[in-house]
């Protein structure tokens with residue numbers, strides 16, 4: 001997902017109350033446009049406490065109804081003294097719950113409560129040593145001199161009444177502040193980022209000691225709740241699910257099948273752009289090993305036909321998406337009728353997208369999109385389902401935990417990200433049957449060599465790319481003129497940024513030797529050493 005620094009919160013999602021009022025303990029993050037708002041929520045959940053990201057515009061009364069144990073104000077790109085700076089409802093200071101302001105959030109707190117903020121003589125960016133003046137409360141067990149990550153051009157110049165300084169850095173006199181009596185806290189740094197060495201300890205102090213939360217957000221509790229809620233929502237109706245083989249749709253299928261059994265129909269549309277042996281393996285795995293019926297639709301020829309002469313990557317995606325809709329529509333009508341579409345929406349999708357549609361008669365959310373990893377755009381307007389989205393509260397790492405808990409095999413749980421258009425966007429230029437076969441064989445070798453050495457889980461993605469050019473080579477005494485294969489192997493935490501992997505030379509050598517000797521039509525292998533940014537992980 002892409003998280004922009006610019007303010008994106010005006011269309012931030014409403015609280016997730018799809019199955020009624022939340023009963024669990026919750027910490028709310030009010031988003032002021034920070035690139036780290038989602039990360040704050042993830043850090044809170046790592047403490048086994050539930051959290052949600054809401055718009056800074058959320059009224060205090062709405063927050064009161066949610067009954068949060070605490071509120072965190074995110075950072076943001078604005079200056080609080082700017083005319084267009086985003087401000088929260090000032091009534092939140094009277095809610096009587098602990099509040100932690102982070103970077104911009106701290107400056108907003110200071111500004112609204114009677115302090116002053118101004119442009120700093122020197123901005124502070126990157127790592128800084130935190131000197132602790134008050135080691136109690138928020139900073140308990142945070143080591144004096146610990147490294148914290150700074151990113152600010154403004155600073156607090158006057159404290160509000162009742163506040164005191166908890167910590168400072170060489171350039172920032174008010175790096176952490178508090179009104180202990182009202183349980184209002186602010187930090188100028190970002191405790192949520194990995195560079196902040198003492199950040200997790202600070203977050204745990206806020207969650208457990210100040211907000212007095214209990215670690216009740218567990219995988220087992222979620223699965224039990226999700227199954228109960230799916231049954232309550234669906235009743236005896238039929239549900240359709242588009243299976244892709246990825247961890248999201250596979251976890252969704254397992255969870256839905258546990259909840260409603262034969263009321264679920266899984267459809268796998270084979271568009272011909274998956275990796276070698278994957279379609280057969282997927283269907284066999286679900287039907288024979290897990291006893292979850294899958295309707296297999298072989299649409300390879302249809303998708304290959306629409307790729308004829310197409311070289312532009314966006315046009316490839318558009319055509320694949322359009323054809324997927326057509327096949328999906330035909331299949332759903334043949335197998336239907338269905339009342340619900342099970343969709344693998346995750347919480348980052350909820351945070352980032354306002355693409356929802358509400359039926360004016362029932363108030364139900366209805367499908368206007370297939371899950372984004374299918375890259376298929378909107379469904380036809382006459383193909384309307386009510387949505388059931390049991391994973392929409394979860395981040396990706398939480399989905400993997402749920403997958404394991406419901407019995408999903410590790411090969412799917414740990415499956416590396418794979419684009420919806422598949423190999424069609426890993427073949428630069430026109431997609432043909434011959435090029436697909438070449439790339440499938442090369443890609444299989446990459447995965448085999450990495451798997452054999454136990455390196456698969458070391459990399460975010462490891463795959464082959466086929467270039468639409470030919471290079472000169474020599475095999476035996478013969479000159480060759482064949483395709484080059486690009487190896488793309490990267491490390492990443494979340495796909496937002498990535499670094500090229502320092503793959504051992506012997507592994508690269510083995511991959512290269514096997515590809516040029518075993519894959520007909522290839523005589524050269526090159527290794528992509530571009531990070532993201534400036535490059536992207538995929539070539540198209």
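Keep in mind that glycine also has a Cβ here, set from the backbone N, Cα and C atoms.
Quick look at what Swiss-Prot annotates:
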ACT_SITE  103  active site, nucleophile
ACT_SITE  190  active site
ACT_SITE  192  active site
BINDING   244, 245, 246, 247, 248, 249, 250  ATP binding site
DOMAIN    26-216  domain 'Glutamine amidotransferase type-1'
DOMAIN    217-415  domain 'GMPS ATP-PPase'
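The 10 Å shell around the Cβ of residue 248 (ATP binding site) contains 23 further Cβ atoms across the protein chains shown.
In the shown protein chains, 25 other C-beta atoms lie within 10 A of the C-beta of residue 103 (active site, nucleophile). Candidate recorded positions: 103, 248, 250. Nearest to residue 192 (active site) by Cα distance: 103.
A simple way to gauge crowding: the CB of residue 246 (ATP binding site) has 21 other CB atoms within 10 angstroms, across all the protein chains here.
Secondary structure from DSSP puts residue 250 (ATP binding site) in a helix. On the 0 to 100 pLDDT scale, the domain 'Glutamine amidotransferase type-1' (26-216) averages 89 in this prediction. Working note on the binding-site residues 244, 249, 250: by count of other C-beta atoms within 10 Å of each C-beta, 250 ranks first. Within its own chain, residue 245 (ATP binding site) has 268, 274, 278, 279, 282, 412, 415, 418 as residues 6 or more apart in sequence whose C-beta sits under 8 angstroms from its own.
The two recorded residues, the residue listed as 'active site, nucleophile' and residue 190 (active site), show a Cα separation of 7 Å. Its Cβ taken as reference, residue 247 (ATP binding site) is surrounded by 21 other Cβ atoms within 10 Å in the chains shown.
If you measure from the Cα atom of residue 248 (ATP binding site) to that of residue 190 (active site), you get 30 Å. Listed in sequence order, 36, 75, 102, 103, 148, 149, 150, 151, 196, 199 are the same-chain residues six or more apart from residue 190 (active site) with CB atoms under 8 A from its CB.
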